[in-house]
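Per TrEMBL, these features apply:
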- 94: active site (ACT_SITE)
- 203: active site (ACT_SITE)
- 10-309: domain 'Malonyl-CoA:ACP transacylase (MAT)' (DOMAIN)
């Protein structure tokens, strides 16, 4: 690997979890970190990573700890194996932003794990108070979907753009009625809508209660005064100082994840030509290939995949 290649480390979010997701890292030196994550969160992380069934992992609070834990293991093993190269910047999709902050040196493991647990609880409780759902809209770009969402809101529906993931890949969030209304509008405009089985209307104003619940924990956390660049979801800008993160993470709960724009920031502005996705699944790798087609993408989702990279 040439050292002049600038690498971006990216971490996926909730939705990438599955039964047995931690098994691939069980025999690694990093596995001892699982006990630490259990201690910090008050949740048996080993149980989640090895034994929890898919139904259990649908619970927002448990899924977030499981995904975070798997990403931490994969990150440590990839770093130890020497496959990361010169890491110029970090980013994470939704929940993955917390792992990015950990890897970038903005948070220690204890604080990151505690915030992930608090965030998951807050989002689950908020979803119970303000029920909602999400859906993927394909074949339409973010601007077009935003216009349709505005039309739906003008008709009294609660629905918003939640993720702008890649060209023609947008996620909406809102009440069941709001998502249904926007789905009809999208179909009229040659778009296609696919329901996402999640437990709430994440990244929308319906998560306001979650932001209120998480605020105390975020403001009580000591983020590093200086750290490696992390491109935030809410503004797609790189940040290197910890003082901004409580506000950014609060806004993230009720605002769209601007992933497509963030990848362009990494590729075009920060000069990252190599993207290493750390964690379960390869969702971000697929998105990045559609956004920055000239970039190299390297998924690290299993120990077997990591072994191939070091062979």
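Each residue, glycine too, has its Cβ placed from N, Cα and C.
In the structure as shown, the Cβ atom of residue 203 (active site) sits within 10 Å of 25 other Cβ atoms.
In the predicted structure, the domain 'Malonyl-CoA:ACP transacylase (MAT)' (10-309) carries a mean pLDDT of 97.
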